[in-house]
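Colleague: Sharing the features that TrEMBL gives for it:
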{"type": "DOMAIN", "residues": "37-90", "note": "domain 'Acetyl-coenzyme A synthetase N-terminal'"}
{"type": "DOMAIN", "residues": "94-481", "note": "domain 'AMP-dependent synthetase/ligase'"}
{"type": "BINDING", "residues": "Arg200, Arg201, Gly202, Gly203, Thr318, Asn342, Ser530", "note": "CoA binding site"}
{"type": "BINDING", "residues": "Gly394, Glu395, Pro396, Asp418, Thr419, Trp420, Trp421, Gln422, Thr423, Asp507, Arg522, Arg533", "note": "ATP binding site"}
{"type": "DOMAIN", "residues": "538-616", "note": "domain 'AMP-binding enzyme C-terminal'"}
{"type": "BINDING", "residues": "Val544, His546, Val549", "note": "Mg(2+) binding site"}
{"type": "MOD_RES", "residues": "Lys616", "note": "N6-acetyllysine"}
Amino acid sequence: MSTVSETSFDSLLRENRVFPPNAEFAARAHIKTREQYDAMYRRSIEQPEEFWADAARELDWFEPWTKVLEWEQPWAKWFVGGKLNLSHNCVDRHVQGSRAQKPAIIWEGEPGEVRTLTFAELLTEVQLAASMLKEAGVQKGDRVAIYMGMCPELAIALLACARIGAVHNVIFGGFAAHALVDRINDSGCVAVLTQDGGYRRGGEVKLKPIVDEALKSCPTIRTVIVHRRTGSEVAMTPGRDFWWHELTAKASPNCLAESMDAEDPLFILYTSGTTGKPKGLVHTTGGYAVGTYLTSKYVFDLQEDDVYFCTADIGWITGHSYVVYGPLQNGATVLMYEGAPNWPEPDRFWQIIDRHKVTIFYTAPTAIRAFIKWGDEWVRKYSLASLRLLGTVGEPINPEAWMWFHREIGHERCPIADTWWQTETGGHMIAPIPGAIAAKPGSATVPFFGVDAAVVTKEGEPVPDGHGGLLIIRKPWPSMARTIYGNPERYVAAYWSEIPGAYFTGDGARRDADGYFWLMGRVDDVINVSGHRLGTAEIESALVAHPAVAEAAVVGRPDDLKGQAISAFVTLEEHVTATDDLKQELRKWVAKEIGALARPDDLRFTQTLPKTRSGKIMRRLLRELATTGEVKGDTTTLEDFTVIAKLREQDE
Ligand code: WTA
């Protein structure tokens, strides 16, 4: 087993500080003591169906389920026969209750404008957008691609799809045309929701032209609906492209929420895997609703007066579950911000927190490391007194960054919830219940309710506490992905075949004597760059698509700021000369093919790549070389021993 973050793991092994829950926080929390957590956890494992049925009853159902769980590994059905609608549970339920005039979304654009939508106003907007989709011919079960920036219309787009039973497929606004083509075609989308552009670091990021480029290769798209955000000039194709504001101006103000079966798909979200193209993970309605509802309620300890700010983009699973569906089902006020954290200055988040009296702040370790680099003076100008809880997600947090977050942002008062989970899990899996569980910097702590996590060997044998191994989940949970769109075999192979009888996470972990989990990074060929998942295979295939490239191998190496950086090793076609210009061109090429986040940090030309006798690229050696500049590991399976010497000769 190779782990990608052995150095940070060493520092985690030495970490033994414990931070008990803040008493004042615990006093008003949903779950106030360790004993209470233990009792609830025990029940969730021993009587999962009763536990989850109780949770589900806190939501509105149009028709009750007849059975909580039907499980035939790896196929799960939760709340069998139950009927509900997520947009109803996120919006209508609160308007019918006492929250009609409560802010649902407070949005701040990068240039500084602020828009607040109450739950009643959100209901109006969601109904108009849902009618707009219906009137444009989108039907229940149709797939709809959403390629937008962080503005209220993006959240409205998700909720409108959910309302009519269309399956949304959100594609992160930083992805390039090629990535759009793959995702749209793989899922056979019929429509695209997009916008002219969005603001980022003072400039406009244009989105519509990228859609236009992509749609040259997307035969299934009939309709494009464009939200006007920046007002910049865009090309509109007659008969295909429509303005959001023009369609909603004449759309019906009433659109009843469709009664969806608990197992009807809610969305597809593409994520990187070990091999091949990104996988379209399918999440269904009932289990995902209950899972994101309950994790938001307990891990963020949502209370009526909270203002909750998650810095993730809705283009990632964190945005789906913890900007939109989880907090809104809880009736929380969600703060959305459009732009960069350091625009116009590196204090933008702290300004936002003070301005809107944010109480819960959920971000990524990579962002925290950037804040540290920018300097404490940007933070200390602000009171941050409204904050009561902090959270992190996306990668292991190094204890130093944890301590800084605790001290400078949390003022040693706010608990920190380090939440471990995945696109596949839909919601938090290992995370502290902040009023009940003591934190240890660098550990995601203990499993959430119903999560039966374990650390095992490759053969599935338990690993003793204190030792590293593979992280698996042994029981089904409601918000688990149900399949990979159009490819159930790949779902079985990727997640349910590696370790007998369990879900394999792809992560390495260690459990300590207190039952706390310490995540050690991916054990496969997935790279985690600034908390974003990228498959080495995707970047490699982008590189070999360039006419100058014969072969490419990509590995991750530790990076102080981004967690991991991308190192590419490239062999060129016979006639091509290796030049610095070509290096730059190839890095740009990858950014153009996939998106800026996939651009290799360093790229080396080499005459050959290290391979085993069976022709497999030995990434382990490349990883070592990229990290330390040397290869000391076992090279006995190398087909050609001179390769390593040749590789070392290549300068950076
Ligand atoms: C990593 C993001 C350590 C992990 C929600 C996982 C983490 C992958 C943590 C999923 C954490 C996420 N501590 N590692 N708190 N959170 N990861 O699908 O490697 O984008 O497998 O979901 O991120 O990334 P994904």
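Cβ coordinates are placed from backbone N, Cα and C, and glycine is handled just like the others.
Burial and contacts for the listed features, if you can.
Modeller: Sequence-distant neighbours of Arg200 (CoA binding site): residues of the same chain at least 6 apart with a C-beta under 8 Å from its C-beta are Glu110, Gly149, Glu338, Gly339, Ala340, Trp343. In the three-state DSSP scheme, Arg200 (CoA binding site) is classed as strand.
Remark: Thr419 (ATP binding site) has Val299, Gly391, Thr392, Val393, His428, Ile430, Ala431, Ala444 as non-local neighbours, by Cβ distance under 8 Å and separation of at least 6 in sequence. A strand conformation is recorded for Thr419 (ATP binding site) in the three-state DSSP classification.
Taking Cβ-Cβ distances under 8 Å and a sequence separation of 6 or more, the neighbours of Val544 (Mg(2+) binding site) in its chain are Ala550, Glu551, Ala552.
Cβ neighbours within 10 Å of Lys616 (N6-acetyllysine), excluding its own Cβ and spanning all shown chains: 11.
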Colleague: By Cβ count within 10 Å, point out the most packed of the binding-site residues listed: Arg201, Arg522, His546.
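Modeller: Top count of Cβ atoms within 10 Å goes to Arg522.
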Colleague: Cα of Gly394 (ATP binding site) to Cα of Ser530 (CoA binding site): how many Å, rounded?
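Modeller: Spelling it out, the Cα of Gly394 (ATP binding site) and the Cα of Ser530 (CoA binding site) are 8 Å apart.
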Colleague: Taking each of the binding-site residues Thr318, Asn342, Thr423, Ser530 in turn and counting other Cβ atoms within 10 Å of its Cβ, which one has the fewest?
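Modeller: Sparsest of the binding-site residues Thr318, Asn342, Thr423, Ser530 by Cβ contacts within 10 Å: Asn342.
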Colleague: Max CA to CA distance in Å over the ATP-binding set Gly394, Glu395, Pro396, Asp418, Thr419, Trp420, Trp421, Gln422, Thr423, Asp507, Arg522, Arg533?
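Modeller: So the maximum pairwise Cα distance among the ATP binders is 18 Å.
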Colleague: Note down the number of other Cβ atoms within 10 Å of the Cβ of Val549 (Mg(2+) binding site), including every protein chain shown.
Modeller: 21
Colleague: Output: those binding-site residues from Arg200, Gly203, Pro396 whose CB lies less than 6 Å from an atom of ligand 1, in sequence order; none if no residue fits.
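Modeller: So the answer is Pro396.
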Colleague: Would you mind reading off the Cα separation of Thr423 (ATP binding site) from Asn342 (CoA binding site), to the nearest angstrom?
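Modeller: Cα to Cα, Thr423 (ATP binding site) and Asn342 (CoA binding site) are separated by 27 Å.
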Colleague: Considering Cα atoms only, can you say which of Pro396, Trp421, Arg522, His546 is the nearest neighbour of Ser530 (CoA binding site) among these binding-site residues?
Modeller: Pro396
